Amino acid sequence: MIHTLETTVAGRKMKVDFGKTGMLSNAAIFMSYGDTVVMINANASKEPREGIDFFPLSVEYEERLYSVGKIPGGFIKREGKPSDKSILHARSIDRPLRPLFPKGYRNDVQIVNTVLSVEQDNLPEILAINGSSLALCLSSIPFTTPVAAVSVGLVDGEFIINPTVAQRENTILDLTVCATKERVMMVEAGGQEIDEETMYSAIMFGFEECKNIVAFQEEAVAKFGKTKNEPVLYKADEEVEKEVKSFAFDMIKEAMYIMDKDERNAQLDKVKEKISEEFSEKYEDKVADIAEVIYKTQKEIVRNMLLNEDRRPDGRAFDEVRPISCEVGILPRTHGTGLFTRGLTQVMTVATLGALGDVQILDGIAEEESKRYMHHYNFPSYSVGEVRPLRGPGRREIGHGALAERALEPLIPSQSEFPYTIRLVSEVLSSNGSTSQASVCGSTLALLDAGVPIKRPAAGIAMGLITSEDLEKEKVITDIQGIEDFFGDMDFKVAGTEKGITSIQFDTKIKGLSNSCVKDALEGAKKARLHILGKIKECIPEPRKELSKYAPRTEIICIDPEKIRDVIGAGGKVINKIIADTNVKIEIKEDGKIFVTSNNEPEGVKKAISIIEGLTKEVVQGEIYLGKVTKTTNFGAFVEILPGKEGLVHISKLDFARVEKVEDVVSVGDEILVKVTDIDNQGRINLSRKDAIAKKEEEKDK
């Protein structure tokens, strides 16, 4: 049976159909918002997966280019692997849902979001979060707490829910809020230096709208939801837990109170060896249970230390940032480098400048077609002292790279101010928490070192949270390190300048954050950010005045847009010849701006500009030009007076005396003065050498 429910969000209709498609899925829904349609399918395995210590949730977000009436580019002409944006959207769906599954649930769960139709006013990724939550709630999978999502914009001082394309062009804030009816679950934001009070108000504004969508989901579940399966939850054997904890608690506690990370880990390894010696024979088939008890004991000790003893594992105050060092220019041949170290977290970011033709071309469902500024993040195994194959960037690397990219994006100079493509690559050299925000700091250092005139330096910080089981008691922590992130309840990343916030990403391991926690985290992040910015400015207070000698050089000229075809030529013949002759890159914009770039040949840039200026310069009747003879005939000589512009000197106009043969006066390759005597209605140019000589003689007499 087909069921349909509707509600209104921001003045537009949100509709859900189920029972219409995917008859064999546990739950399959068609969800639409305006003309944007996403199909969501949710399924779970019947039995828990054995031999794992995590919840195997898989979220897929598939963009179909037919949704915007496009055929994929390239040779194959079909969608390939997920784009970076699809991966980011899948992660955004995963983060608010994962904490709401029962603890110990080990069944494989897959949620597939397929984008079928897109109206650019209504973002499919926002619809997919709502649809994924609703599909899970309608299914028999043990997920019972609905989550809603909205986008919030800020235009002319007014908050807007789910802004349209026109509104997004003018907004200074791009915020996504996910929440249950009681608490905020996840936030992602990019903004043009938004102050903390405004950001908090925007989050709360989105939270209120989320409550209405949650109510809509609850109504659907009450009417049409399936009976929930009783989950089989993993739990360590009670006898194993009791014996191992009794034997090892004090030893683990002693190890966890060691402030130095290497010493602490070494001591923990010794404790684990003792536990293994004690129980390996008795519980040889309970190895996973023993590991689970050790993990739970460590977690209990660290959380108690933070929550009840007001003590951090490394002895810092709760609002204290780890020791910071900054360096620039450490690589001799790159265009800009920054090395940022915060405690045991260290990131080196390298900036590379390129021509405008080096932009990244995007082939997706969004209207954006290219990207001039990009940031890539690499997290090799050696950064945590481990050994594993290097197989290219995973979802985490793509997500962290995008987060740091968003933090700097509002500060990047415009194309007219700085006519270069900019690529940043952050190499994580050592990781002990908050590498994405260290990448923001490293990126700032690299951009300043490269001479990129960013508006202001930016820095990032990660805030953490520890809460009691009843959520009544909570402590916000500044600059979390690995152990606090691993055993804590929140990763609240905030980046920005001294003026305001440029990016936020936070998610939780619990069932949401209180409003006061959100506010405290924003204020704590501001204090820490200003401290870090001070350290960055001590290292390099402003962008370098000169680009690296190894960086390309770009010059800009402006021509009449009507003359663009003259520069390009038939089939690109003219522009390709200029590029080949001068060894430059040329980018032409529709408004007549031409960007000429060369890596190491400034003379090539000058020559190319001279040719382009000649091609676009108008031939003026009555003016005298120094031209080159390109061809002779029995009736005259053809002379090139400007690049690509030739005229005819009739044999009668070559000299004052009668000329019997053209070659008696001029030859191919000769440079001669000529005067433009006429330009006919077909654009043909008539020249006179005789009149040019006469005019020059006349000027001499004066």
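Heads up, the Cβ atoms here are built off N, Cα and C, so glycines get one too.
Shown in sequence order, Gly433, Ser434, Ala462, Gly464, Asp491 are the residues of the chain, 6+ apart in sequence, with a C-beta less than 8 angstroms from the C-beta of Asp485 (Mg(2+) binding site). In the three-state DSSP scheme, Asp485 (Mg(2+) binding site) is classed as helix. What Swiss-Prot lists as Mg(2+) binding site is Asp485, Asp491.
According to Swiss-Prot, the feature domain 'KH' maps to 552-612, an assignment based on sequence analysis.
Marked as domain 'S1 motif' by Swiss-Prot: 622-690. The helix, strand and coil residue counts that DSSP assigns across the domain 'S1 motif' (622-690) are 8 helix, 36 strand, 25 coil.
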